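Written below as C-alpha cells is the structure these notes are about.
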C-alpha cells in the first residue's frame, strides 16, 4: 500500500484500445492483458471505476445520414458490449465486478446509482460504467469526467494508443514534442487532443487530474497509480 499514490481511480479505456491491432471488434488477448493489470491493482487495494468507449463497434459520427440522437444511442449500446466483455474477463480472474449502465437494462447490468457504486468500490469491487451519460451529444470522455466526480476519484487514467499528449500528431510528425505536464487551460486554449472540451472543463471545475498514457506498454497502469513519471499529467498548476 505504501507505493500507492492514488487510492481511488477512474480508468478510461477507449473502444479502439480493446480492439488491439484489429481496429474493430474485441481482441480478447488485449482484454485479458488489461484485466490482469486491473487485478494487480485490486490486489494492491486500489479502488477502480472504469469507463469504456464503444468506438471499436460503433461511433455516433459514423452514422452520417442518421439522426444524431439515434446514432449516439447506438454508440451507448456499443459501450455495454465492451463493458460486459471486460466484466467477464475480470471475473474469470476472480475479480468481483459490477457493470452499471446509464440506460436501464436490468437483465444484464445494474442501473447507475451513485451510492451503490461507492459501496461496491469500498468493498473492493471494480465498477464499470457503461452507456455513457445516458444522453446523446455527450462523449464517453465526458462520462469518465462525470463519474469520476461522482465517485470522488483521485485521478482519471486516460489510456490511449500514444504515450502522452503532443503538440502535433506523433504518427504524422517525427518532430512532435511531448508535454510532461499541462494545465486544463493549456488544453482548452491550444485545442490539444486530450479529452473533449466538455470533459476537460468538468475536470477543471472539480480539480480532477488527468493522466494520459500508453495502454500498450505492460505495467503502465501500475506505474500510473504509483506516481511514476509516465505520459502527460493535466492538472490545475
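In case you wondered, yes, glycine gets a Cβ from its N, Cα and C as well.
When the ranges 20-25, 26-31, 32-37, 38-43 are checked against Swiss-Prot, the one recorded as region 'Involved in allosteric activation by GTP' is 20-25. Of all the binding-site residues in the record (15, 166, 169), the one with the smallest CA separation from residue 137 (UMP binding site) is 15.
Rounded to a whole number, the C-alpha distance linking residue 169 (ATP binding site) with residue 135 (UMP binding site) is 30 angstrom. Within 10 Å (C-alpha to C-alpha) of residue 14 (ATP binding site) lie the following binding-site residues from 54, 133, 135: 54.
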